[in-house]
Amino acid sequence: MAASELYTKFARVWIPDPEEVWKSAELLKDYKPGDKVLLLQLEEGKDLEYRLDPKTKELPHLRNPDILVGENDLTALSYLHEPAVLHNLRVRFIDSKLIYTYCGIVLVAINPYEQLPIYGEDIINAYSGQNMGDMDPHIFAVAEEAYKQMARDERNQSIIVSGESGAGKTVSAKYAMRYFATVSGSASEANVEEKVLASNPIMESIGNAKTTRNDNSSRFGKYIEIGFDKRYRIIGANMRTYLLEKSRVVFQAEEERNYHIFYQLCASAKLPEFKMLRLGNANHFHYTKQGGSPVIEGVDDAKEMAHTRQACTLLGISESYQMGIFRILAGILHLGNVGFTSRDSDSCTIPPKHEPLSIFCDLMGVDYEEMCHWLCHRKLATATETYIKPISKLQATNARDALSKHIYAKLFNWIVDHVNQALHSAVKQHSFIGVLDIYGFETFEINSFEQFCINYANEKLQQQFNMHVFKLEQEEYMKEQIPWTLIDFYDNQPCINLIESKLGILDLLDEECKMPKGTDDTWAQKLYNTHLNKCALFEKPRLSNKAFIIQHFADKVEYQCEGFLEKNKDTVFEEQIKVLKSSKFKMLPELFQDDEKAISPTSATSSGRTPLTRLSAKPTKGRPGQTAKEHKKTVGHQFRNSLHLLMETLNATTPHYVRCIKPNDFKFPFTFDEKRAVQQLRACGVLETIRISAAGFPSRWTYQEFFSRYRVLMKQKDVLSDRKQTCKNVLEKLILDKDKYQFGKTKIFFRAGQVAYLEKLRADKLRAACIRIQKTIRGWLLRKKYLRMRKAAITVQRYVRGYQARCYAKFLHRTKAATVIQKYWRMYVARRKYKITRAATIVLQSHLRGYLARNRYRKILREHKAVIIQKWVRGWLARTYYKKTMHAIIYLQCCFRRMMAKRELKKLKIEARSVERYKKLHIGMENKIMQLQRKVDEQNKDYKCLMEKLTNLEGTYNSETEKLRSDLERLQLSEEEAKIATGRVLSLQEEIAKLRKDLEQTRSEKKSIEERADKYKQETEQLVSVLKEENTLLKQEKEALNHLIVEQAKEMTETMEKKLVEETKQLELDLNDERLRYQNLLNEFSRLEERYDDLKEEMTLMVNVPKPGHKRTDSTHSSNESEYTFSSEIVETEDIPLRTEEPSEKKVPLDMSLFLKLQKRVTELEQEKQMMQDELDRKEEQVLRSKAKEEERPQIRGAELEYESLKRQELESENKKLKNELNELRKALSEKSAPEVTAPGAPAYRVLMEQLTSVSEELDVRKEEVLILRSQLVSQKEAIQPKDDKNTMTDSTILLEDVQKMKDKGEIAQAYIGLKETNRLLESQLQSQKRSHENEAEALRGEIQSLKEENNRQQQLLAQNLQLPPEARIEASLQHEITRLTNENLDLMEQLEKQDKTVRKLKKQLKVFAKKIGELEVGQMESISPGQIIDEPIRPVNIPRKEKDFQGMLEYKKEDEQKLVKNLILELKPRGVAVNLIPGLPAYILFMCVRHADYLNDDQKVRSLLTSTINSIKKVLKKRGDDFETVSFWLSNTCRFLHCLKQYSGEEGFMKHNTSRQNEHCLTNFDLAEYRQVLSDLAIQIYQQLVRVLENILQPMIVSGMLEHETIQGVSGVKPTGLRKRTSSIADEGTYTLDSILRQLNSFHSVMCQHGMDPELIKQVVKQMFYIVGAITLNNLLLRKDMCSWSKGMQIRYNVSQLEEWLRDKNLMNSGAKETLEPLIQAAQLLQVKKKTDDDAEAICSMCNALTTAQIVKVLNLYTPVNEFEERVSVSFIRTIQMRLRDRKDSPQLLMDAKHIFPVTFPFNPSSLALETIQIPASLGLGFISRV
């Protein structure tokens, strides 16, 4: 492919930059061959002319397409070069916060300088068992690959971790070891994996220190071999160390520290056990204060010391040896404070009683004078003499420091040896994985011997790395049958030869060390003479004669020769060592014992591999005279030997490489320094890997992946059925140069840049298609917009024209209306004017006419009044004259008549005085009287007539008088009125004038008032408007306040509801957590139980050699496979049969479930106590009722007492006889039998005692029968013959006859024993009855007392009520009466329930006794001869028998129990016979057997059957525990058995749904609540095992079916992958799809339904299945960058919708399964939503409430566009999301716990199936069971 095709306009390239190393630019015009300058534009917009090198004419590196940037594997990049690698690492590290990246076989790890949540146990579980390419890069992926290859290939593995100081090597190695410890587990109970991890803090404390680059820098290299057995479980470990930096013990640079252990000791100096060390602050010691930085920020040295000591204890280093180590370390610190004073230039002394030296000698147990002498002198030995020579102060200081370094190195090696001994295992090692934590390539301003050795080691490792990479490339090409061409790669063998060959640098250095007067300068001259100008890799600096330069594979390094010889010799004076060896301190000489092993602190003998060579010199065994040569083995020679041994080990293993990169020198988190990164990439071999890959065919695609990715470049006619041929045909058309690609067997190999070219073609094709689609869509949209606008314009015109027409019509209408208005207005005005004129005229006329009429009226009125006055005056005058005349006449008449009457009176008086006169007068008097009488009568009549006339006349007169008087009065009134009227007229005229004036005044006032009123009205209106506005505002405010109040009330209600819901949820969560903890305890108990059984099996099978296998097992796997024997705690001690006591080592400590059972038992005992108390109360009531009956029937009671007394007498006499005869029988037996035969332990004695026991039991039964018969006989006699005084001794005669018969039959001995036991029983019964009577009496006394108290209370209450008013008294009395009646009602109901229970129980017991009596009668009748039956009198007792029918019970013999369990549980196949059975039939059968045992009151049988059932179910599950159908079948049956025990337990809560027939089948004698708890625990264990089986079946399908498989074909595009090929998303044969998952779910559901599992339990299983699917899918999504794309989100949502559809089809939407998928659904939505603006961020935060903040940020960081048209998520947007979510309180855990099991519940589900209707199929082989 020509450069002109690639270097076109807008192509992006990389150009060198002094600051950023590489900078991106864009071509502004196409490149043409021959151009010397490229026109570029930088990213910041600056134009640049880039000149090409005239010699090489190399074009700048092309930049990869954006779609390839951020790939997990650098080899997936199309353009493989340094800037592409650097940019990809930077994007992943800065933008995506990803610290791991693959580079072929190398894992590049960048130190984030921040704690990341990616190393938890959930991450370990997620990577366990996964292919390396399927997950995002991680140290765990490398560890998993090593572990998997070790198991698969039977080959040892190595993980080589290298990098600069501070790059994170130690942490990476630590995490790798932690992964192995977690995944593999240990093969023993010694917790080897914990010991392996515990070695880290020890080695870090003695081998790590703070440097300027790293706070915890490893100052030594180490190679840890982790050993595994044949089952690939950790059995031990071994550690090799390399090149400890001893100089750090005596010197530290600025801002650095000595080894951590010294500062930990100083920080812990105040501890009591460290008082003897006499330590203080670190600044008090010369060896710890030189760096000036004794404290590391964020590190507590005292706590670290505690961790170190704890790790030592865990590794078996005893306290005494730990204190010994600390003594030596403290001695080194005090030795560093020893000072010297110069005597002269060649000698020095130590001050007398020098405190530091004194403390050192005390701690080391050496002589002060001797050590003081040899610190200032040395011994020189010649051939004949030995001289002691003083040394100078400088030499003494150097000797002191050398001694300190030597002691520390020896102590370091000693600790390493003992750590290895602690990690060593006696079990033979099958394989190992080595973890090499070694320093990377180093170059400083001043490089010395240490850097030389480090770089030498890195040269060897780089050579091994290059060979391994080259070998892998060659194997790949040969495997795919690609023509192999030799790839030129850098071979650093010449550099290695320069260092280690004969006359190499190390050889010359050792030779110079042997020379007596060898110096660094002479060694440098030898180097120059030997290698300068002879080796191209060796150079001499221009300005120095004491340095040399070596061209290493990474860079040129200049080494300073000063100090090389001294460091290589590592000289220590022999005399000082001898002084230390003579120490009284036991541990110190051990450090210097080279020929014999040191004493182990754990007192364990070493029986493993021989420790590999350490750093310190180890002389070979030789003669005593060779001690002088002990230290002549140089450090360089030691290091070279150790390095060769290491390389041999690595070459014998499969290596895995981890390259750690330090992103910056300032330890800033997630800060990337390009310069430092490039230096390390060049030094660690990553770029070399890239170069080797780029030299061949770096890009590799399978044919299917190529076809799926580049299908868009093919035409329909190019697509053939053969994918391989299709790809060949297309590539021949697309890439004309056939050297750019090769076709392998399964892959297509591309040269560098070809994938980018294909991606460019694909992008161009897609861009053209997009443009076409956009063109068509935009045209369609614009035409649609035009049509919409045209339609809108027409509509607008129509409405405008209509509006105009309506406006014109309105104008015409208004014109006509105005004309009409004018007409009517004018008419109104004229009419109004006319009316005003007419009204004025009428007013004037009316006033004038009124005035004239009033004048005429007044005139007439005056005249009329004058006439009236005259009439009345004249009449008055006439009447006055008449009255005077009449008065005078009457007076004259009266006077005359009076005079005449007086004369007559005198005359009469005179006549009356004469008698004769009287007599004369009397003559004729009578006649006269009669006449007079008649006259009188007549006169009376006349008088009456006259009187009537007079009356009439008077009435007439009176009426006329009244009339005249009234007329007169009226006239007078008229006159007065006329006068008054006249006055009034005058006054009215005056008033009118006055009123006219007032009217005028009033009018003026009215005007002013109207004006004021108008003004006031306006003001009022304004005020009203203002008030209305204020009122409106107030109303609005009121409405707002009301609305606010309503809202607040609503909010408060919602808040309360939310709080209530939250509290309810919290309570539910707490309940679920508690249930989960309990079920986890059960799970842990079953795991320990299984472990216990496995250990027993291993002990039994220890003699057998285990077969080699490669199967990998999970250490956390646990199943309910252990046998569990349950013994009921409710049985009394004497009822438990004797058992062989198990060995003490088999006893398991009390578990939580047993503790809970005991708690429950205590509660039930309390309930039983309460029930017994209730029963006692009921018996008291019965006693009271019986007393009343006794009073009614004294005769019957007397008969019963008589019977009881006779019975007691009879039993007493029998008891005496039986005692005598039993003694005689025992004497006879003892006389006839030998002592050993009749001894209590003899077999004959045991047989005899068994027979006696059986006979006594039989006699007990017969005695009960006799007592029942007697009671019935007595009752019948009393009923038939109440007055019969017959004695009841017939019973005793019958009994004596029975005894006689037994004597005849030889049963007397058994009868005696039986009767004796019966007598004892009766005595005990009498005693118990006496006690019961006493208790009843006491209870009655208590009841009387309570009644008295109640009476007193009632009286007090009554007294209180009498003091109340009548209404309140009535109300209080009613309330009290209601309360009393309610309490009595409740008490009566409770008593009724108790009596019902008792009646039911007594009925059942009565049935049992009746049946026993019937059986005994039948047996007795069979044993009696016919003659005896005839002779025996017929008893009048008739025991009723119930007709025998099936009671829903199954009977079996005790010896058939194992057969029952075997046929019904152990050998029952769910797929075979059980398919056609009634669901839960085994559970029904077992329960009916339990019912029969309960019916027989046989507790041993019940216990044995239930225990056997539980153990057998566990055996089945242990044997076939990985079979889903088996586990499901027994989970269903266990739950059904548990439900049966509840349904027929007799408890009211479980009897609600029973039929009356089912209630009759309830258990009668035993309360199996404890066994229900055991069965519930067993069901929980089976459920957990079922979940594990489900998980094991589903787990291989989930990732492939939910993530990788393209359910919607063509949506996802396959991106280029690197060397680590991922699982293809294209469905091949054997690949799981979503349909596979749905089919498996259907299978699970159908099996559970077929087994009759409870619907609620099925819902819980389905919920758990969906949780597993969702959790595993989401976890893989969070760990796979290639899956986080828009198209994958669509695939996931479609897959989830299919799962929801499955739930709807199965009617399981309310099971809670859908909710478990919510995190996955939200993650898929997060992949698809827009991710740009703040609104998008707000929408994401509100949408993703089921995801944690870490998960949301992780998905956004991992989001990767599949096509160029998608955009990446910006860093600012992710920060916005983090800011918005910072207040959310959720778990920091990244992954979901896929192993989480929801707590299971077993809701009570009663069966409607009647037990008596169940038939047992013959196929079960249970013919030995009979129906009862």
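Cβ coordinates are placed from backbone N, Cα and C, and glycine is handled just like the others.
Here is what TrEMBL records for this protein:
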type: BINDING; residues: Gly163, Glu164, Ser165, Gly166, Ala167, Gly168, Lys169, Thr170; note: ATP binding site
type: COILED; residues: 915-1105; note: coiled coil
type: COILED; residues: 1323-1412; note: coiled coil
type: COMPBIAS; residues: 600-610; note: compositional bias 'Polar residues'
type: COMPBIAS; residues: 1116-1127; note: compositional bias 'Polar residues'
type: DOMAIN; residues: 8-60; note: domain 'Myosin N-terminal SH3-like'
type: REGION; residues: 599-634; note: region 'Disordered'
type: REGION; residues: 1106-1127; note: region 'Disordered'
type: REGION; residues: 1171-1193; note: region 'Disordered'
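This view paints the features noted in TrEMBL onto the structure.
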residue: Gly163; record: ATP binding site; Cβ neighbours (10 Å): 27
residue: Glu164; record: ATP binding site; Cβ neighbours (10 Å): 25
residue: Ser165; record: ATP binding site; Cβ neighbours (10 Å): 19
residue: Gly166; record: ATP binding site; Cβ neighbours (10 Å): 21
residue: Ala167; record: ATP binding site; Cβ neighbours (10 Å): 26
residue: Gly168; record: ATP binding site; Cβ neighbours (10 Å): 25
residue: Lys169; record: ATP binding site; Cβ neighbours (10 Å): 27
residue: Thr170; record: ATP binding site; Cβ neighbours (10 Å): 23
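Note: the domain 'Myosin N-terminal SH3-like' (8-60) comprises 0 helix, 24 strand, 29 coil (DSSP; helix = H, G, I, strand = E, B). Within 8 A of the CB centroid of the ATP site residues Gly163, Glu164, Ser165, Gly166, Ala167, Gly168, Lys169, Thr170, the other residues of that chain are Asn111, Asn214, Ser217, Ser218, Gly440, Cys660, Lys662.
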